[in-house]
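Below is one structure, written out as structure tokens; comments come after it.
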Amino acid sequence: MEGKEKLAFSAVILNGGQGVRFGGIDKQLLEIDGVPIGFALAKTLVQSCEEVLIVGKKNAIYKPLEVQQIEDAVPGLGPAGGLLAGMMKARADWIYLCAVDMPFFSYSLSKYMYGRALSKEADIIVCQYKGELQPFFAFYRKSLAGALASFVTSGVKPSLRRFISSRSYDLVSLKELQDIGEQEAIFCNINNSGSLDAARQIALEHGLFIDTRL
């Protein structure tokens, strides 16, 4: 990431996955190319933006990095609750939401989307992939915290896609992703052993885990 400007947003990484499909192994400790995926994602973000917050289970692997580890604001509310916790602590006006089991962060995509965030009136900048809104690798205004708090305590299932659909959002289409040369691999979600093997193959083919070690 040397030579690239740090962008003035706060990144929030959610790491609340229980790793049930991995025999109880903490997802953030799963390795690609010998590097824990949680550490790899956090280090890349530290190199890319002004602030990184990790919401959920704390771990010593992040000690070498300038990150803040925090608890869920309201436990048991899934990603929406984690995003709310990040919003309440973040310094920047825009929050970039990431997940520890989606480790293929793209600086170029975040820069493109952040530029859209600064130039649009929308509250959320979100990608569409395979016909669905992608709540991760999406930008949310910090000022949405009040609305999100009301949403997660309303008694309805706190789905981030439902929340996004209820707000003003700007959509980044798959065609736009392709036009800027973005790889669909960024949406790889490691949720079982098969997807972990696929992620390792992606990293081998595309070199997406370069520059993650101290």
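The backbone N, Cα and C atoms fix where each Cβ goes, glycine too.
TrEMBL lists L14, N15, G16, K27, D72, D101 with the feature GTP binding site. Under the heading Mg(2+) binding site, TrEMBL lists D101. Under the heading domain 'MobA-like NTP transferase', TrEMBL lists 11-163.
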CB neighbours of K27 (GTP binding site) within 10 A? 25
Taking every protein chain in this structure into account, which of the binding-site residues D72, D101 has the most other Cβ atoms within 10 Å of its Cβ? D101
What's the longest C-alpha separation between any two of L14, N15, G16, K27, D72, D101, the listed GTP-binding residues, in angstrom? 17
Across the domain 'MobA-like NTP transferase' (11-163), what does the mean pLDDT come to, as a whole number? 92
